[in-house]
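**Student:** Got a structure for you, questions after.
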Amino acid sequence: MLGETVQTIDKACRSSESSPNPLLSYRICEKVKEEMLLGGNLVHVGVVLVVTFGTAVLRLSSSLLSGVTTYRIPPEDAPQVLKSLRPANGKTRKSDPLGTAGSLAKVQLRHSEIEKLEFYKQLDHLVLFLGFASTLFWLDELLSRSGWLPRSGLAPAFCVVCLAVAIWALIKVQLLTKLALNEEKGVMLYMGLGGLLVSGLWLERCPVSVMDHQLPEAVRALNASLREFFSQYTPDAEVAHDLFPSWLMWPLLCIPAGLIAALMLPAGMRSTRSFFQALNVPSWAQGHASFTRPQRILLHITLLLQMLVPLLWIRPISERAWKLPADATPAIQGAALVTAGLLQVCVLRPLAQSYLNTALLHWHHLKHDLPAKVAKDSKVDLPRIMRLRVDMVNSLFCKVGTQLFAPAVILIASGLMLVQAAYITELGPAGEWVKDDIRSIKIPVAFYQTLGSFFGWWTSSCWAVVCGSTLLAFGTGIVQEGGTEKKPQ
């Protein structure tokens, strides 16, 4: 097996000091080991290429949302549509003053239509990089347990890339767009600053007995790895000081935490609004916009689990109240994050369909529920307003899809880092071998574990707070179903 061969070469490299020319022997052994590991990495590179090709050929990104029902107002020059409005008994129907805007067509969204929408590129990148991370994770587990290859370290590295891609995708669709209002940007700015301060204070002041992300362990492991890395090039010089000071962990964790806090606000509000709208379909729309009972149950389970996941990091609750063993807690936390992310992916279509149903609700409101004084105003071009409302809902479909999918990517990527780190730590001797392998890319397992633990907990906490607050606002009537504020009596 290649993994056993690499271990044998590694032992030979360490015993080469007794040879007549120890430095030359050591370098030769290290070169052979590097070539062996390169062959293993080629397998992972090949898998990355296969995932890239398969994602494009199978159109996985558009498959997540294809087939959902969208509502469209027929074009103004559509006489066949107006002809179809004639009653079946042959009598002539009175002409609709709204023209074609008085009717609404139900159309299933196709792959080609989704791929032409704005913000589809961000959704496609999320699917692609999540496919990289998850495929490499399972490939590492399969090959390392069978003994064919050691872990390459690419899986946790791609998980970190997934975090960055998800954050950037949310920035693109929520901030770096002309559709974002200045008021929304201001609220997100305050949320980001608040998240930056709260996360920094929490990391500084929170006692280990309440929550432990193992920051000191990550810093020590990273410094040890860096010292070993530089000692290979300067064997006679000793690096006494820490190359990675502990204070660098604060900006490394808190700056992304501030971004996540700001970005989870509109994304969580959109998800909760779609959730509430899916469970409160008006009576007149039951035949068009209603959801099945299994879908409603899945929506409830997903929201409930997302509310409970952050509690796993509070040690008095997880270890004392729930009696979870301390050694297995990181693995349980990672599994819970992955499960919550996968459930969010499962409810992506119902939530996206609930968003598209907003076009039906807007159209019905403008046609039937609009105040008479506005409807009779000759200056109001009601058909044009109806068409703009419906078209806007359809045009922002990929933006909403990105808002619903990006949090799932962050949760799954953080969970995979935690699961793999917990598994490596638990194995002992096999863990040492994996650490030797990951040491070749100079990023220790403990560092990945801290990243996965903190960002998984922080993202799930922000998501739970935003979704819970928004759901409370809907339930108490502060915000109405259509998203407008309730007027005081």
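The backbone N, Cα and C atoms fix where each Cβ goes, glycine too.
Automatic prediction, not curation, is the source of TrEMBL annotations.
The feature region 'Disordered' is assigned by TrEMBL to 1-21. Taken from TrEMBL, the feature transmembrane segment applies to 42-62, 154-175, 187-203, 247-267, 297-314, 334-352, 404-424, 455-479.
Map the listed features onto the structure and describe their local environment.
**Tutor:** Within the same chain, residues 111, 114-115, 120, 123-124, 126-128, 131-132, 135-136, 139, 143, 149, 152, 154 sit at least 6 positions outside the transmembrane segment (42-62) and bring their C-beta atoms closer than 8 Å to a C-beta of that stretch.
When Cβ-Cβ distances below 8 Å are used as the criterion, the transmembrane segment (154-175) is approached by residues 41, 44, 119, 122-123, 125-126, 129-130, 132-133, 136-137, 139-140, 184-185, 188, 256, 259-260, 263, 266-267, 399, 402-403, 406-407, 409-410, 412-414, 416-417, 420-421, 438, 441, 443, 445, 448, 451-452, 455 of the same chain, each at least six residues removed from its ends.
Within the chain, the transmembrane segment (247-267) has long-range Cβ neighbours (under 8 A, six or more residues past its boundaries) at 163, 167, 170-171, 174, 184, 187-189, 191-196, 198-200, 203-204, 215, 218-219, 403-404, 406-407, 410, 450-451, 454-455, 458-459, 462-463, 466.
Long-range neighbours of the transmembrane segment (297-314) within the same chain, counting only residues 6 or more positions beyond its ends whose Cβ lies under 8 Å from a Cβ of the stretch, are 210-211, 275, 278-279, 291, 324, 329, 332-333, 336-337, 339-340, 343-344, 346-347, 350-351, 453, 457, 460-461, 463-464, 467-468, 471.
Beyond the ends of the transmembrane segment (334-352), by six or more residues, the same chain brings 64-65, 68, 271, 274-275, 278, 291, 295, 298-299, 301-302, 305-306, 309, 312, 397, 400-401, 404-405, 407-412, 414-422, 452, 456, 460 to within a C-beta distance below 8 angstroms of the stretch.
Same-chain residues lying 6+ beyond the ends of the transmembrane segment (455-479) with a Cβ under 8 Å from its Cβ atoms: 163, 195, 199, 211, 213, 253, 256-257, 260-261, 264-265, 267-269, 271-273, 275-276, 303, 306-307, 309-310, 313, 333-334, 337, 340, 407, 410-411, 414-415, 417-418, 485-486.
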